[in-house]
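Participant: Quick paste from TrEMBL:
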ACT_SITE  385  active site, nucleophile
BINDING   269, 270, 271, 272, 273, 274, 275, 290, 332  S-adenosyl-L-methionine binding site
COILED    289-316  coiled coil
COMPBIAS  9-18  compositional bias 'Basic residues'
DOMAIN    177-456  domain 'SAM-dependent MTase RsmB/NOP-type'
Ligand SMILES: C[S@@+](CC[C@H](N)C(=O)[O-])C[C@H]1O[C@@H](n2cnc3c(N)ncnc32)[C@H](O)[C@@H]1O
């Protein structure tokens, strides 16, 4: 007989199997971590690179195994690349807008929608895990039914819903239109939604490496792979230091010095060292300067793998005093990095017009300082990976107010196959919409700007 009044019959203690705790659900921790990190990017403007750093990342990310970490990165990549589309789709499915303060709910829905719409994950697990995550979070518990309903509808109707929404915050979309016109701005935003190819700068024999690695050779000699099929260190040539990862556009500024074999060249904002490696490979006696000890340590590690040499100096460029001036200097200045939006889809969401204005001021100061470090007659290359002309063309034009500098325009002949990147003023300007390819996975390049000057002998 069972039952009976609890008061009259003390309950026999029956050992019951506990239902699995939410925290034990496979895949839940990764989804919760993804939602937390998306919140940090959008609400606190924290850089995704820092949050997902394998040594110093967010504690919840660090607690995950490698598989879950790569899942978190994939979810966040899809959620950020397609943020405008996801937002518009969710709005269509909601009867009324979410409460303003329901930030955690919105983040959770975005994470789940990214999986349903863009990742090779069964829709039902994305939905189930989102509902479990909602129930596990006091802020979202009362919305668990709504989460379930919205995500099921999204899964069912995703092929018929349409949303022509820009995947960028308004300030970024508007700045692109202002700088490049409507058509090119749209092309830039379209390609930023696609995961970029992987470009390698090879020490020699680009054609041979392209054949070995299954890639194509770009006009500048970079080898481009449509997709990374294996972990980078497992690719042939990595351990032997035969190549390094560097976007095709990022490889152009260091080529603007001409023959630098045997010359003393300073790479003034050097880490992690892609351009230092190019200069060293070209035979220059390179001094690599950077303000960041940890980034310089990465640079040293990279050079060691590549079996290339450079002296390294940890210093703030504003105070740096070399014993002797250099024959040439490269200033690859800190910038808003909006040109790297394809690999860093968090950038438009973490940066603002205010940041761009501050960085443009800093770049002008660093460029003025750079002039003091080069010998009369020496070449100065100023570059950065911003798409905003106020960090590029405007800084370069203003620098010519300095009587010690003269323009040394870049000519189209210097870049066969990429001559379209050279502007009438003699600057180099690339955007993600440049170098289109019928195979979208092979299309595009980072947005980069470079200007070349000569220090005048007075
Ligand atoms: C765009 S990254 C350089 C990338 C590098 N040139 C490459 O190709 O790998 C800018 C670098 O400037 C460094 N930096 C920023 N401000 C600096 C300063 N005042 N003095 C020296 N380095 C600085 C940062 O630590 C960062 O490593």
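Cβ atoms are placed via backbone N, Cα and C, with glycine included.
Source: prediction; values computed, not measured.
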Participant: For the residue listed as 'active site, nucleophile' and residue 271 (S-adenosyl-L-methionine binding site), what Cα-Cα distance in Å is obtained after rounding to a whole number?
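Facilitator: About 14 Å separate the Cα atoms of these two residues.
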Participant: What other residues of the same chain, not counting 269, 270, 271, 272, 273, 274, 275, 290, 332, have a CB atom within 8 A of the CB centroid of the S-adenosyl-L-methionine site?
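Facilitator: Filtered neighbour residues, in order: 267, 276, 288, 295, 299.
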Participant: If you count Cβ atoms within 10 Å of each one, which of the binding-site residues 271, 273, 275 comes out on top?
Facilitator: 273
Participant: Just jot down the residues in the same chain as residue 332 (S-adenosyl-L-methionine binding site), at least 6 apart in sequence, with C-beta under 8 A of its C-beta; none if empty.
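Facilitator: Set apart from residue 332 (S-adenosyl-L-methionine binding site) by at least 6 residues yet with Cβ under 8 Å, we have 253, 267, 268, 269, 270, 275, 383, 384.
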Participant: Please name the residue among the recorded positions 269, 385 whose C-beta has the most neighbouring C-beta atoms within 10 angstroms.
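Facilitator: That would be 385, with the most Cβ atoms nearby.
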Participant: Looking only at DSSP and grouping its letters into three states, which state does residue 275 (S-adenosyl-L-methionine binding site) belong to?
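Facilitator: The three-state answer is helix.
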Participant: In this predicted model, what is the average pLDDT of the domain 'SAM-dependent MTase RsmB/NOP-type' (177-456)?
Facilitator: 97
